[in-house]
Amino acid sequence: MIIGCSASQKLAASVADLLDEPLCPVETRKFPDGERYIRVKEEVEGEVTVVQSTGYPQDENLMELLFMIENLKDLGADYVRAAIPYFGYGRQERRFKSGEAVSAKIVAHLLEAAGADEIVTVNLHENCLSEFFRVPVRELSAMPLIAEHISFLDDPVIIAPDKGALGHAREVSDILGCECDYMEKVRISPEVVETRVSDLDVEGKDAVVVDDIISTGGTIVNAAGILGKCGASSITVCCVHPVLVEDALLKIFSAGVERVIATDTLKSDVSEISVAPLIADVMKD
């Protein structure tokens, strides 16, 4: 049985289609005071997969997921797999300042307490997040899907906007068999720090910036400006999770980016690539 919660109903339907399984009808709504109501409209037994990203509004989507997991267990499900394509609160995996809550750890504990038997997610922002769980965690990578989607480019070079994203960029470049580099900050003087492509010459090439998350777009705008000055013939931006806060897309396109491509872990105007095949493959195992 497959269930799609409010944030991922279309994605859940795609997974169900790929597996030729029915999508369980559910009712989700809010009471006038804002509290959440959920109802599963079919008998529940055996293994159930719940698909729900926990992006904005994070608290509402997370609470709905917790309600659904525990409700399914109460209704008779033997095994509940929580497929969380985008894992909200995943960027607070440690205390950056004294007294801060480690949000990712708390969310992990809540999911387990609700009764999740397994977590399936896509490209966690920090690899250590899986260590917060005692139940199995299967982290899937959407980079092969991104590589396939941009294979039409004649002379691509894959660029990580910072060293932290280099692993993602290399995964794409290895699949395509093309060059890869990253943006690095170089101190020119005590007062001046310059950001530039580390080693690679991008002049006349199709530059593809690859990252896991685009939020405000600031990092991408900076990278696009540098790539433009270095003579890239075109600039494409790819990400797994299009958080895209406020006018992020406008800023990115205004910086000279030709196209922005993302997956459907989150709904957006640029979610061209579906991660449904990744989730479906897990359920076949």
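Cβ coordinates are placed from backbone N, Cα and C, and glycine is handled just like the others.
Taken from Swiss-Prot as is:
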ACT_SITE  LYS185  active site
BINDING   ASP33, GLY34, GLU35, ARG91, GLN92  ATP binding site
BINDING   HIS125  Mg(2+) 1 binding site
BINDING   ASP162  Mg(2+) 2 binding site
BINDING   ARG187, ASP211, SER215, THR216, GLY217, GLY218, THR219  D-ribose 5-phosphate binding site
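When the binding-site residues ARG91, HIS125 are compared by the number of other C-beta atoms lying within 10 angstroms of their own C-beta, ARG91 comes out lowest. Ranked by CA distance from GLY218 (D-ribose 5-phosphate binding site), the binding-site residues GLU35, ARG91, GLN92, ASP162 have ASP162 at the top as the closest. For the binding-site residues GLU35, ASP162, ASP211, the greatest number of Cβ atoms within 10 Å around a candidate Cβ is found at ASP211. Counting neighbouring Cβ atoms within 10 Å of each of the binding-site residues (GLY34, GLY217, GLY218), the lowest count belongs to GLY34. Within 10 Å of HIS125 (Mg(2+) 1 binding site), counting CA to CA, the binding-site residues GLU35, ASP162, SER215, THR216, GLY217, THR219 contribute nothing. Neighbour count (other Cβ atoms within 10 Å of the Cβ, all protein chains): 19 for THR219 (D-ribose 5-phosphate binding site). Taking a C-beta cut-off of under 8 Å and a sequence gap of six or more, GLN92 (ATP binding site) has these contacts in its own chain: GLU100, ALA101, VAL102, SER103, ALA104. Per Cα geometry, ASP162 is the residue among the binding-site residues ASP33, GLY34, GLU35, ARG91, ASP162 nearest to GLY217 (D-ribose 5-phosphate binding site).
Between the C-alpha atoms of GLY34 (ATP binding site) and THR219 (D-ribose 5-phosphate binding site), the distance comes to 36 Å.
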